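Quick notes on the structure that follows.
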Amino acid sequence: MHIDRYAPSPTSDLHLGNLRTAMAGWLLARREGGRWLMRVEDLDRARVRAADGTERRQLDALRRLGLEWDGEVVRQSERLELYRAAVASLPTYECFCTRREIAEASSAPHGGYRPYPGTCRGLSGAERSRRRDERPPAIRVDSGGAEFTVIDATAGEVTGPVDDFVLVRNDGQFAYNLAVVVDDIDMGVTHITRGVDLLESAPRQAWLTRQLGGSPSRYAHIGLVVNPRGERLAKRDGAVTPNDLGLEPAEAVALLASSLGLGPCRSMDEALAAMPGDQRFVEGAVWSEGTLSPSR
Ligand code: GLU
């Protein structure tokens, strides 16, 4: 069985890059006669409140292109009990480090993910209660310095370090890396199609999947749409949703299908029929002056 999901965060309207990734996941699932599920990642309440109505617009935008999903929409904000139970089942410890302290103690290149060096792992009970008076703790998983290998359709076997990443932030919110894994297990997900910007987090998430008794998914991390400066497409790049561009659904599908190497198909069924059996959607695309071309 092939069960994939699309998991938008309802913080801004879906742009061409988001829709292109959704399209790739839908096509890969439908080619296998599989299921394509929808999960709204709305845990970040402050950001979601600021973006009122965005979820509805995102779902409408997907439906308009013919990206129909199976079953009910799953919302992370309604699943806090599941996350709580998962955290309780894992070896964890409280962490009082500030971002700055972690940056100083970790050797990651500037701007990249900084693996946590384990500073708070061995704190005594007395030390912890003293620190709790200063700031609320985050909860980290005690990973024991693992490594984990995932299988990606594009990149092949990818092995990455698993640090003691955050499960619950110090404002009490469940962390993305926890929620995504708990949900993928609970929803029976077997395949994960998403942007290549998330490849780095896959070994960590797959490791956690194992710890929670699930089987890691197979991944397809696909190329992003970038602006002419090579940066991920964002709202600030101007008119980048089909609506902004005044595109009819069939025109938007044709633009995106072409950028996926399928030709100017005018419906998702046409795109599915045009899709070669070994299609992997390796390449990203560049959005420049109203055209979307494959990136090199
Ligand atoms: N909600 C995440 C995002 O919008 C996607 C998470 C995932 O696909 O694993 O970037």
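Every residue number used here counts from 1 along the chain in the order it is shown.
Every residue, even glycine, has its Cβ placed from backbone N, Cα and C.
What TrEMBL lists as L-glutamate binding site is Arg5, Tyr6, Ala7, Pro8, Ser9, Glu41, Tyr176, Arg194. Sequence annotations record features per position, and here TrEMBL assigns Zn(2+) binding site to Cys95, Cys97, Tyr116, Cys120. The annotation ATP binding site is assigned in TrEMBL to Lys235. What TrEMBL lists as domain 'Glutamyl/glutaminyl-tRNA synthetase class Ib catalytic' is 5-241. Feature annotation from TrEMBL assigns motif ''HIGH' region' to 8-18. Among the features that TrEMBL reports, motif ''KMSKS' region' is placed at 232-236.
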Closest of Cys97, Cys120, Lys235 to Pro8 (L-glutamate binding site), Cα positions, binding-site residues only: Lys235
Among Arg5, Tyr6, Ala7, Cys97, Lys235, the binding-site residues whose C-beta sits under 6 Å from ligand 1: Ala7
Shell list (L-glutamate; ref centroid = CB of Arg5, Tyr6, Ala7, Pro8, Ser9, Glu41, Tyr176, Arg194; cutoff 8 A): Arg39, Val40, Val180
Shell of the Zn(2+) site beyond Cys95, Cys97, Tyr116, Cys120, same chain only (C-beta within 8 angstroms of their C-beta centre): Phe96, Glu101, Ile102, Gly118, Thr119, Arg121, Ala138, Arg140, Asp164
Inter-residue Cα distance where the pair is Tyr176 (L-glutamate binding site) and Cys120 (Zn(2+) binding site), in Å: 21
Most Cβ neighbours inside 10 Å, all chains, among the binding-site residues Tyr6, Tyr116, Tyr176: Tyr6
Integer Å distance between the CA atoms belonging to Cys95 (Zn(2+) binding site) and Arg5 (L-glutamate binding site): 32
Nearest of the binding-site residues (Tyr6, Ala7, Ser9, Tyr176, Lys235) to Cys95 (Zn(2+) binding site) - Cα to Cα: Tyr176
